[in-house]
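Report on one structure; see the data block that follows.
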Amino acid sequence: MTTENTAGPPVEVDRLVTRPFFLILLFAFMFFVGIGMTLPLLPVFVKDSLGGSDIAIGVVVAIQAVSAILVRPWINPRLARFGAVRVIMWSAVLGALSMALMAYAPNVLTLVILRLVLGGAQAAMFIAMLSTIMSWVSEWRRAEAASVFSVAPYIGLAIGPVIGQMTYKAFGFTTAFVLSGVIAVVGALPILTLRKLDINLGATSDGDVTTEPAPRFYSPALLPGTVLALGMVGMVGMSAFLPLYAPELGTLDVQWMFFFYAAVVLSVRLFGRRIPDRVGPRKTGIWSTCLIIAGLVIMALTPSWPGLYLALLPLAIGIALQYPGLMALVLSDVDDRVRPSAISTFTMFFDIAQGLGGLVVGIAAALGGYRAVFGFGAMCSAIGLVILVILVLPRYARTAPVVTK
């Protein structure tokens, strides 16, 4: 019997993390372990081995986001022509080579070029993997799938710096950079077994096959992406200035604050992964943004280390839920041909937030101090909430799902 469910999304008993899904998670984890390994090495390598200045360090660190943004319009046509598996494999090879060759960079310019290659490879790989996963799951589990997928790179970026620093201290720069590339490419090998499951980017939402060129850009994702970027400004400020602000409040154990924040984000992404699908993208977007605002306001108004922990709880929950909720909103009623462009356009705002966000919070800190950074982040999130409620949500027409019993 077929019935219409107007109360909410259908309850699905199919397993989400299948073998193909797990292999993509494994590769994402290992690739981002490799990237994470390079993060603590780059500033020291630029300064000590290449004789670079502080400005050079900033350029090397930030330049990866530039190529990650610029390459996105060309990713969807490549997916349509070659398929996701080939794009993932070539991205893995290019990314791994760029990481390994950093050890042999003779000057800062060469390192900048390698970082540009890595940024483009990372963007192509990420979009190909996420597009593939989203093609496997129903519309009502896309937020859940996005939550689960995000855990792999998140953990990889958390573990990678530890491995990179330990390897560097024991064996030096060359071994550490080369090992990062090896780890990244080895994780991609099982992806070769997924060729038969490659996504069809020629299908429309009606299931028909079209020969129209795959779009490079998806304009409806711009406003949800802007909301995401505005919500991330506070997180960027927290990551940059909490290590400097916390000692002023009488605590030097800032690492435990970051551990607490990361633990909450991962817990919500794992154990609360069905929340966005169950309550819907509308409510998830609104409440997650409100939680981000609340956390940053508490952080700005409560100058004490207990207040920081109190602030980190709603901030972490909001950050954990906002991304999958807005992702589900962007991908609602998007066919296979357009989906990679939608994902590409939306996730581009991660890189924009990291690049521009770091600049604006630095200005806020210089003008008003560290608490002003958190207040500025709250203001940005509040602007994002207004955009979400007034401009984004009215465009979102929820389609009642059909459940087969």
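Placement of Cβ uses the backbone N, Cα and C atoms for every residue, glycine included.
Under the heading domain 'Major facilitator superfamily (MFS) profile', TrEMBL lists 20-396.
Within its own chain, the transmembrane segment (21-43) has Cβ neighbours under 8 Å at 57, 60-61, 88, 92, 95-96, 99, 102, 111, 118, 122, 125-126, 129, 132-133, 136, 145, 148-149, 151-161, 163-165, 167-168, 173, 176-177, 179-184, 186-188, 190-191, 193-194, counting only residues six or more beyond its boundaries. TrEMBL lists 21-43 (among others) with the feature transmembrane segment.
Taken from TrEMBL, the feature transmembrane segment covers 55-75 (among others).
Positions annotated as transmembrane segment by TrEMBL: 87-106 (among others).
Note on the transmembrane segment (112-133): residues 21, 24, 27-28, 31, 35, 59-60, 63-72, 75-76, 78-79, 84, 87-88, 90-92, 94-95, 97-99, 101-102, 105, 145-146, 149, 153, 194, 197-199, 339-340, 343-344, 347, 351 of its chain, located 6 or more positions outside it, place their CB under 8 angstroms from a CB of the stretch. Residues or ranges marked as transmembrane segment by TrEMBL: 112-133 (among others).
Among the features that TrEMBL reports, transmembrane segment is placed at 145-164 (among others). Tertiary proximity for the transmembrane segment (145-164) is limited to same-chain residues at least six positions away from its ends with a CB under 8 Å from its CB atoms, namely 16-17, 21, 24-26, 28-41, 126, 129-130, 133-134, 136-137, 176, 179-180, 262, 265-266, 269-270, 272-273, 276, 320, 323-324, 327-328.
Tertiary neighbourhood of the transmembrane segment (170-192): same-chain residues 23-24, 26-27, 29-31, 33-35, 37-38, 41, 45, 49, 85, 88-89, 92-93, 95-104, 160, 163-164, selected by CB-CB distance under 8 Å and a gap of 6+ residues from either end. What TrEMBL lists as transmembrane segment is 170-192 (among others).
TrEMBL lists 221-242 (among others) with the feature transmembrane segment.
The feature transmembrane segment is assigned by TrEMBL to 254-272 (among others). Only residues 6 or more beyond the boundaries of the transmembrane segment (254-272), in the same chain, are considered here, and those with a CB under 8 A from a CB of the stretch are 147-148, 150-151, 154-155, 158, 238-239, 242-243, 246-247, 308-309, 312-313, 315-317, 319-321, 324.
Residues or ranges marked as transmembrane segment in TrEMBL: 284-302 (among others).
What TrEMBL records for 308-331 (among others) is transmembrane segment.
According to TrEMBL, the transmembrane segment annotation covers 343-367 (among others). Sequence-distant contacts of the transmembrane segment (343-367) (same chain, six or more residues past either end, CB-CB distance under 8 Å): 62, 65-66, 68-69, 72-73, 75-76, 123, 126-127, 130-131, 134, 217-219, 221-222, 224-226, 228-230, 232-233, 236-237, 240-241, 326-327, 330-331, 373, 376-377.
The transmembrane segment annotation in TrEMBL covers 373-393 (among others).
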May I ask you to check whether the transmembrane segment (221-242) and the transmembrane segment (373-393) make contact, with contact taken as at least three Cβ pairs under 8 Å and only pairs 6 or more apart in sequence counted?
-> yes
